[in-house]
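Colleague: There's a structure below that I have some questions on.
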Amino acid sequence: MSDNTNKTANTAGLRGALSGPLEAVRTHWDRAPGWERWAVYVLLVIGALFLPYQGLAPAMSPESDWQTILFYPIGIYVLLALGLNVVIGYAGMLDLGYVAFWAIGAYTMATMAVKHGIGFWPLLPCGIVLAAVSGVILGAPTLRLRGDYLAIVTLGFGEIVRKVAENTDWLGGTRGVNNIPHPPSHEGVWFLGVDLFTYKIRDARPYYYLLVALIILVVIFSKRLEASRIGRSWTAIREDEDAAEIMGVPTFKFKLLSFATGAAIGGSAGVVFAAKTSYVAPANFPFLLSATILAAVVLGGAGNIPGVIVGAFLVAWLPERFRGLADYRDLAFGAILVAMMIFRPEGLIPSRQRKAEMAEGGGGMGHMGAEIDTSGSEAEVGSR
Amino acid sequence: MLLELKDVHVHYGKIEALKGVSLEVGEGEIVSLIGGNGAGKTTTLKTISGLRSCSAGSVFFEGADIGSMPGHRRVLAGIGQAPEGRGIFPGMSVHENLLMGAYARKDDHTKELAEAYELFPRLAERRTQAAGTMSGGEQQMLAIGRALLSKPKVLLLDEPSMGLAPMLVQQIFSIIEEINRRGTTILLVEQNAQQALRLAHRAYVLETGRIVRSAPASELLDDPQVRAAYLGGDVGGDPGAAAAASGPESVALSKPAKGGPAKGEPAKGEPAKGEAEPADDAEPDGADAPDGE
């Protein structure tokens, strides 16, 4: 018993040590004037632009091509994690099949470009819309479910999309689709030694910059949503769905919206991915990837954009960085995740509100956690 | 009638939770719904607020059938609720919680906001505090205040006394009376039958999904059967002043709902003490107060 209390105290102490300086930064940031914030934003963007610098490569990724892994997995993971954050972080719904929306975006680009010769730029909005629509199609019948039940259904959806791609000849079956055209190039716009709009196979940097642009757009979009009436209703749904409904929040509609928004962001990542790699196959979209993106969101701090970005970066980068450890890297990665959940269960850079939710005992994950509807949700699932 | 339930049946899967409940709430009234655990009190409220749909029967509000109206529209129609286990938004501040109450409204809500702070000065002190870190009593105040912000015609209260110290129960009940005096109709669900019956004009007794009694509250308060089943019997005379027993102890009025005497701890004859003890520490710093599970 006393041993147990000791342990708890220890853990708490370590947590405190970890969060102390970070808290100070957070408090400062919350009070920071507008110009200071903008300065930091600009610096961050400049940092992102200089990231592909070859001089960083030996330190960041001795084993593989730094510029390539900056696009995939790092950039793609960040974009996907931002999309999943809208579903998990804002509305608190556990989606285990998120990779399906990425796949839908990628296959939109692949099939339409190869079979119908449509270009990248018209297909980008197409992929986004198609993914959003599939999000609505999945959500409409399933969003009555909560928590674990929703998780299982979305998991199934992810697998269905992959299996359909595997077994449809029109989509290339297991071999996938080859020779997907790159985006059209406009040569001669040089920036930091990169021919910025020349999308060829060799140089990954223009694609990376395309991703950076998308990520910035998504961040602005998410931030605006978070602060809006929609964002507030998502928070209410996450914290107590029944209470939200009796406050007059049309919960079903807003859950659907969150699903569609997340799906749309995933779709955009898919289109860019297919255009860069010029090859997609069902094997690119395993369940494991959904789980990895989920890990990125939770590890970083669901609901908080800087946290989610850092989480996705680490989850994508660490295994590449320690490629030399061969198979042990997965073990090490797993150990890091477990350690994180013990010492910082709310994530690396959690949203303050979520911390309060966790402290209250709701698990801080909204309907993601073990929250069980008090009045017999099991029976309800059966009846619906 | 402002609110009327006609032969409402509600199912959870195959289990029938409400087996034909009919009740009426007139404008300006305080109507109380009492009964043991699992009698269907909360289900009844959820059916009225639209969180549950009824499998048979109908719900009328101001004469219109609202059976198929989704819950978020019923708020605008004038049904406000402080849900069971308080149902506050733990991560939002007190003020944000109150504003959520006015979420559906398009018109100006400053008057109701001021009124909520006036009725519950404690909330004004804790304006910026995260609601989840407040004590049980403060959360209950917040839940009621938040419901008021939707400017309800009828206010549904689900066990406002749950887990609170006797002093606080008194306070909450007097505020409920005040809210009613200012013109809001109230439907009160309670296990604390003593308090509820003193406050209410009329009351219904619910047992395993059926209304078994319906009478003016004072009549039920004096009814030996009801006293025996819900008010701690006549053993110690009037258990009165302290917030009295909630769980039925001696069983006279047919079979009480499953898990009736589940609370177990109040031995016969000292209901007041038995209830007061756990509730006491819920008051000062009740972040760990038993939230409805």
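Note: Cβ is positioned from N, Cα and C throughout, glycine not excepted.
All annotation found in TrEMBL is predicted automatically rather than curated by experts.
Quick paste from TrEMBL:
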type     : residues  : note
REGION   : A:358-384 : region 'Disordered'
TRANSMEM : A:38-57   : transmembrane segment
TRANSMEM : A:69-89   : transmembrane segment
TRANSMEM : A:96-114  : transmembrane segment
TRANSMEM : A:120-140 : transmembrane segment
TRANSMEM : A:207-225 : transmembrane segment
TRANSMEM : A:256-275 : transmembrane segment
TRANSMEM : A:287-319 : transmembrane segment
TRANSMEM : A:331-349 : transmembrane segment
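What's the neighbourhood like for these features in this structure?
Modeller: Residues 80, 83-84, 87, 120, 123, 126-128, 130-131, 134-135, 138, 151-152, 154-162, 165, 170-172, 176-181, 262-264, 266-271, 273-275, 280, 282, 284-287, 289-291, 293-294 of the same chain sit 6 or more residues outside the transmembrane segment (A:96-114) yet have a Cβ under 8 Å from a Cβ within it.
Same-chain residues lying 6+ beyond the ends of the transmembrane segment (A:120-140) with a Cβ under 8 Å from its Cβ atoms: 97, 100-102, 104-106, 108-109, 112-113, 154, 157, 181-184, 199, 255-256, 259-268, 270-272, 275.
Proximity of distant same-chain residues to the transmembrane segment (A:256-275), defined by a Cβ-Cβ separation under 8 Å and at least 6 residues beyond the stretch ends, is recorded for 72, 76, 79-80, 82-87, 90-91, 93, 95, 98-99, 101-110, 113, 120, 123-124, 126-136, 138-140, 143, 177, 180-183, 199, 207, 210-211, 214, 218, 225, 230, 234.
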Colleague: If contact means at least 3 Cβ pairs within less than 8 Å, sequence distance 6 or more, would you call the transmembrane segment (A:207-225) and the transmembrane segment (A:331-349) in contact?
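Modeller: No, since the transmembrane segment (A:207-225) and the transmembrane segment (A:331-349) share fewer than 3 Cβ pairs closer than 8 Å, they do not count as touching.
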Colleague: So which residues does the transmembrane segment (A:38-57) touch in its own chain, when a touch means Cβ under 8 Å and the partner is 6 or more beyond its ends?
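Modeller: Contacts with the transmembrane segment (A:38-57): 65-67, 70, 192, 194, 204-205, 208-209, 212, 215-216.
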